[in-house]
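Below: one structure, written as structure tokens.
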């Protein structure tokens with residue numbers, strides 16, 4: 001007599017698997033890197049195979065991709081968008097300008113997106129190739145799979 005297969009896993013692994021395979025980035029394209037980000041969404045690189053669908057609303061997104069030069073005028077707006085995203089949320093800083101201000105070392109440029117929002121992954125380059133953004137997404141998926149989905153300070157009992 002053949003028995004039905006049994007799948008054993010933890011709730012953490014199950015939640016993290018679902019989260020890592022359904023990342024919906026909020027696109028925040030500001031300069032040249034935005035063109036490379038748009039190319040990543042095209043058919044040649046096929047972001048959809050990772051379960052990734054670009055969203056224009058922060059309330060439907062869990063990943064923010066900051067692509068390009070961040071000015072001080074945009075910083076407050078970007079922070080507001082970040083605050084509107086539901087938890088858990090992650091940030092990818094794409095390109096030298098988003099990482100460190102790039103060649104724009106002026107009074108009007110934020111010298112790194114991490115001064116405004118917490119950044120999880122930094123992509124170097126000017127502008128990073130679409131393959132680099134795909135690799136960053138795979139690294140983020142791995143990071144999500146290894147994280148704790150259930151907070152330790154959560155109540156032990158629901159009733």
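Heads up, the Cβ atoms here are built off N, Cα and C, so glycines get one too.
Other C-beta atoms found within 10 angstroms of the C-beta of residue 33 ([4Fe-4S] cluster binding site) number 27, with every protein chain shown included. The [4Fe-4S] cluster binding site annotation in Swiss-Prot covers 32, 33, 97, 126.
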Q) For residue 32 ([4Fe-4S] cluster binding site), what residues in its own chain, 6 or more apart in sequence, show a Cβ-Cβ distance under 8 Å? A) 68, 95, 126, 127
Q. Which Cβ among the binding-site residues (97, 126) has the fewest C-beta neighbours inside 10 Å?
A. 126
**Q.** Listed in sequence order, residues not in 32, 33, 97, 126 with Cβ within 8 Å of the centre of the [4Fe-4S] cluster site Cβ atoms
**A.** 31, 67, 68, 69, 94, 95, 96, 98, 102, 125, 127, 128
